[in-house]
Amino acid sequence: MASPAPASPAAAAAHCPPPRIGLAGLATMGQNLALNIAEKGFPISVYNRTAAKVDSTLSRARDEGSLPVLGHRDPRGFVLSLARPRAVVLLVQAGPAVDATIQALSPYLEPGDAIVDGGNEWYQNTERRIQEAAARGVLYLGMGVSGGEEGARNGPSLMPGGSADAYANIRDILQKAAAQTEDGACVTFVGPGGAGNFVKMVHNGIEYGDMQLIAEAYDVLRRLGGLSNSEIADVFAEWNRGELESFLVQITADIFTVADPLDGSGSGGGALVDRILDKTGMKGTGKWTVQQAAELAVAAPTIAASLDGRYLSGLKDERVAAAGVLEEEGMPAGLLETVNVDKKVLVDRVRQALYASKICSYAQGMNLLRAKSVEKGWNLNLAELARIWKGGCIIRARFLDRIKSAYDRNPELANLIVDREFAREMVQRQNAWRWVVARAVEAGISTPGMTASLSYFDTYRSSRLPANLIQAQRDLFGAHTYERIDCPGSFHTEWTKLARRSNGAAI
């Protein structure tokens, strides 16, 4: 006797109660998150302006296990298909598209329903929309979603902020859909207002720094040590079994194992990574992070260096032309100096430099979060943020366990660098770190992220900086005053008059 055909998604959903949650915006991220939620046992309605996206989502739901997904091609039917209080997740492009989608759905939403924006949105846009929604009695969450397409399908890190009531209504769904670690689901209510989007923005800023530092480690290994792609793949794979274990280190090892399907002659061969144009794209969250750091007077030089690196990478034609001009004026085309060092020694020193630099990048991001939390009264829990970043997200890494522990020990920790465990590790690694940066400078290899991290470390640990001279200069040309180290108060000096008098006396 033939087995019955599997039920269609629509048929499976028809036997379920009305969905509590819907999702609008069915590009790959939206499709994957919808299928993830359905796979966890929660029926979900989906909607997209383009009917073909709805059809492809339903097709995937059927092929991936007859998942309970209901497709809708008009906003009214989509919203009214949901059980109250309704929760509508938006995964559309940040900016005007979000406002347009909200405008299309709003006529059918009722007081107590909730909108959940899962895009990389500017946090002030979220705060504006919270107020606009509240005027209609609608709840609003701005929810950071990290993990890319794979994370959305199998379990992302989720950073919802805004309405605590909206979060409570769908907490069970988000906890099942999020990545899971030994410490629980990688989701938490971040805080009120635009806190969720701001946290995701800083997460992306740390990600910028992480990626820049890994690229610099690769460049030093390749150019200073002469390591082949195969050797570099092995190095990153080995690093991923130790203290540097992380998603980004893991995928870096994988990248160096992929051959180019077509070489220059069209016959295939060579490493694909070597054929990729050295111009880095970006979507804006790194820029926002650096802008916010400047607004809040928080030093974030590693993240800023990574952003500058992307800007400079975009000047490909100018860089090629500059290399030619400078070579004509006597600049060597290759390394300025070679270093005679054992490959194993180089690999170990670069590992230490990368680890110490990463601590600085995370420290800068955490300090920015704390400063914004104080300004906005968000009461961000930095230990809890480190916990939900341990799984699903792009910056997931082994040492987030220890970052969480550092903030558990001292929620008011001024900087990760002064946590006793991290301080000990920084001191132990500083000689190798300095060696790598110095050799790179001597050879003419650009390492802006590692250099910025080392300068940040040296500046932060200095009990006396040359800022006294800068303040004297400011007082001379602008009467900005200064403080003294030997008595309280603000002082102003007629520097030019006194200097002329002193110079005249000397003559």
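Each position is counted from 1, following the chain as shown.
Here the Cβ of each residue, glycine as well, is placed from N, Cα and C on the backbone.
Copied over from TrEMBL, here are the features:
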{"type": "ACT_SITE", "residues": "LYS200", "note": "active site, proton acceptor"}
{"type": "ACT_SITE", "residues": "GLU207", "note": "active site, proton donor"}
{"type": "BINDING", "residues": "GLY25, LEU26, ALA27, THR28, MET29, GLY30, ASN48, ARG49, THR50, VAL92, GLN93, ALA94, ASN120", "note": "NADP(+) binding site"}
{"type": "BINDING", "residues": "ASN120, SER146, GLY147, GLY148, HIS203, ASN204, TYR208, LYS283, ARG310, ARG474, HIS480", "note": "substrate binding site"}
{"type": "DOMAIN", "residues": "196-496", "note": "domain '6-phosphogluconate dehydrogenase C-terminal'"}
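The binding-site residues shown are GLY25, ALA27, GLN93; of these, the one with its CA atom nearest the CA of the residue listed as 'active site, proton donor' is GLN93.
Across the fold, the C-alpha of HIS203 (substrate binding site) and the C-alpha of MET29 (NADP(+) binding site) stand 18 Å from each other. Taking the binding-site residues ALA27, MET29 in turn and counting surrounding C-beta atoms within 10 angstroms, the largest count is reached at MET29. Listed binding-site residues: ASN48, THR50, GLN93, ASN120. The one with the lowest count of other Cβ atoms within 10 Å of its Cβ is THR50. For the domain '6-phosphogluconate dehydrogenase C-terminal' (196-496), the predicted model reports an average pLDDT of 94.
Of all the recorded positions given, namely LYS200, HIS203, ARG310, the one with the smallest number of surrounding CB atoms inside 10 A is ARG310. Fewest Cβ neighbours within 10 Å among the binding-site residues GLY25, HIS480: this applies to HIS480.
Listed in sequence order, the residues of the same chain lying 6 or more apart from GLY147 (substrate binding site) and placing their CB within less than 8 Å of its CB are GLY155, PRO156, SER157, ALA179, GLY392, CYS393, ILE394. The 10 Å shell around the Cβ of TYR208 (substrate binding site) contains 28 further Cβ atoms across the protein chains shown.
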